[in-house]
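Chemist: The structure under discussion is supplied below as structure tokens; questions concerning it will follow.
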């Protein structure tokens with residue numbers, strides 16, 4: 001006797017989805033090892049916990065919804081572990097804010113949905129109400145990486161949109177779309193079809209920009225003195241020790257003509273900023289929107305800014 005096609009597809013979907021849910025394990029190993037949540041965002045884990053909990057409830061209400069229960073039950077267990085670990089290692093202020101939201105959303109709201117659904121709704125209306133709610137949350141989760149896609153186009157770099165995550169989102173959306181057709185469940189089908197389209201778009205974007213060279217930033221037309229990426233990066237490579245040497249040189253050659261303070265700010269290597277952005281990445285679909293919130297900040301004027309180092313031709317011209 002041949003196996004039911006929907007069951008086979010559902011099993012494949014379970015495996016892929018659990019891999020996606022398990023992808024932040026490396027992140028939380030780092031959090032536990034360092035004893036700090038660093039710059040990782042906590043909201044994606046809270047929202048994903050709510051989504052998987054609601055889908056588990058939907059699977060319990062739906063006849064033949066065993067595969068929906070298994071995948072989302074496993075996802076809810078993993079997300080609950082992530083939320084717990086984050087609460088343990090988060091700073092005090094963050095912990096208080098996060099705990100309030102967890103109690104309000106993952107406990108209060110979820111309990112209200114379950115109670116209202118079971119007490120006030122009957123028959124097919126139960127499945128309809130919970131299904132619409134689950135579909136809306138899933139669409140929001142799949143749409144979250146749009147911010148990362150915008151960043152890829154803007155920076156011409158795929159550094160902040162990992163191929164593996166985009167590929168698994170593509171597979172996940174595709175497999176569950178096929179499953180929804182086989183079992184005729186549009187609440188599962190619509191959000192996952194959207195996820196499949198967005199996952200495909202991410203893969204196309206990745207192939208288009210994976211070898212692209214980020215263009216240098218030019219000085220603004222309004223003359224605000226903002227240097228291009230090359231000059232800015234060169235100036236930023238000067239550490240505090242180099243600044244002190246420059247200041248000593250200025251005192252020794254007080255009468256000479258020296259560059260006036262302007263240009264790029266003196267700071268640590270720009271890779272430090274990019275490192276904090278990379279740490280904000282998350283392996284779940286909703287985590288991808290948190291990337292780059294620290295990238296691209298403008299540099300204000302003021303003391304401690306110096307012109308980029310002149311080229312040899314410029315030095316000869318000055319002489």
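Residue positions begin at 1 at the first shown residue.
Placement of Cβ uses the backbone N, Cα and C atoms for every residue, glycine included.
Heads up, TrEMBL stuff is auto-annotated, nobody curated it.
TrEMBL lists these features:
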type	residues	note
TRANSMEM	6-28	transmembrane segment
TRANSMEM	40-60	transmembrane segment
TRANSMEM	66-89	transmembrane segment
TRANSMEM	101-121	transmembrane segment
TRANSMEM	127-148	transmembrane segment
TRANSMEM	160-182	transmembrane segment
TRANSMEM	188-209	transmembrane segment
REGION	255-319	region 'Disordered'
COMPBIAS	292-303	compositional bias 'Basic residues'
COMPBIAS	304-313	compositional bias 'Basic and acidic residues'
Chemist: Counting CB pairs under 8 Å, which listed stretch among 6-28, 40-60, 66-89, 127-148, 188-209 touches the transmembrane segment (101-121) the most?
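Modeler: The listed stretch sharing the most Cβ pairs with the transmembrane segment (101-121) is 40-60.
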Chemist: Short question: most Cβ pairs under 8 Å with the transmembrane segment (40-60), which of 6-28, 66-89, 127-148, 160-182?
Modeler: 66-89
Chemist: In the same chain, which residue numbers or ranges, 6 or more beyond the ends of the transmembrane segment (160-182), come under 8 angstroms Cβ to Cβ?
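Modeler: Contacts with the transmembrane segment (160-182): 5-6, 9-10, 12-13, 16-17, 19-20, 23, 67, 142, 145, 148-149, 151-152, 188-190, 192-200, 202-203, 205-206, 210, 277-278, 281, 283, 285, 288, 291-292.
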